[in-house]
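Chemist: There's a structure below that I have some questions on.
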Amino acid sequence: MSQRTLVLLKPDAVRRGLVGEILGRIETKANWQIVALELRTLEREVLEQHYGEHMGKPFYEPLMEFMASGPVVALVVKGERVIEGVRALAGPTDPIAAAPGSIRGDFGTIVRENLIHASDSEESAEREMKIFFPGLA
Ligand code: IDP
Ligand code: MG
């Protein structure tokens, strides 16, 4: 089942020079392809659209500030069961709970700065791809 998913390498990943390492893990999975990719610093409005579901939660404002603190790498990955697959590569939200071998488990310690975002469903993927790559067919 071919799908597409929206991935963000968060500002901590870019600052720490982990872009190559993380992209490599995605790129080396069989039958997946990167079909869009951009380095950009996110505006508040874009972040509000992207993280709207979390508005009002205690971690929302610090998350918005963190996500605007430097450039992110936004990409779309296409391929076999890629939505579930990138979430599995990323590991669970809390990097300390994430298994070693996962991106968050290997490189993170604090929940907010957990290196990577990946769409959690086909609906989220469609919505998020439109925010970051409106021109993508
Ligand atoms: P996800 O990225 O694993 O899907 P979500 O629950 O959708 O996790 O939360 C979005 C992002 O908000 C997380 O990736 C993390 O950066 C941040 N976040 C979530 N929960 C907390 C928290 O309890 N404290 C601090 N930051 C959090
Ligand atoms: Mg989420």
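Using N, Cα and C of the backbone, Cβ positions are placed for all residues, glycine too.
Pasting the feature list from TrEMBL:
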type	residues	note
ACT_SITE	HIS117	active site, pros-phosphohistidine intermediate
BINDING	LYS10, PHE59, ARG87, THR93, ARG104, ASN114	ATP binding site
DOMAIN	2-136	domain 'Nucleoside diphosphate kinase-like'
Chemist: State the mean pLDDT for the domain 'Nucleoside diphosphate kinase-like' (2-136).
Modeler: 98
Chemist: Quick one: which of the binding-site residues (LYS10, PHE59, ARG104) have their CB closer than 6 Å to ligand 1?
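Modeler: Correct list: PHE59.
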Chemist: Between THR93 (ATP binding site) and the residue listed as 'active site, pros-phosphohistidine intermediate', what is the CA-CA distance rounded to a whole number of Å?
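Modeler: Rounded to the nearest whole number, the Cα-Cα distance is 9 Å.
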Chemist: Can you tell me how the residues of the domain 'Nucleoside diphosphate kinase-like' (2-136) break down into helix, strand and coil by DSSP?
Modeler: 57 helix, 31 strand, 47 coil
Chemist: Which ones are near HIS117 (active site, pros-phosphohistidine intermediate): of the binding-site residues LYS10, PHE59, ARG87, which have a Cα within 10 Å?
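Modeler: Matched binding-site residues: LYS10, ARG87, sequence order.
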Chemist: Which residues in the same chain, at least 6 apart in sequence, have a Cβ under 8 Å from the Cβ of ASN114 (ATP binding site)?
Modeler: LYS10, ASP12, ALA90, THR93, ASP94, PRO95, ALA98, ARG104, GLY108
Chemist: Would you measure the largest Cα separation among LYS10, PHE59, ARG87, THR93, ARG104, ASN114 for the ATP site and round it to whole Å?
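Modeler: Farthest Cα pair among residues binding ATP: 21 Å.
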Chemist: Where's the emptiest Cβ shell within 10 Å among the recorded positions LYS10, ARG104, HIS117?
Modeler: HIS117
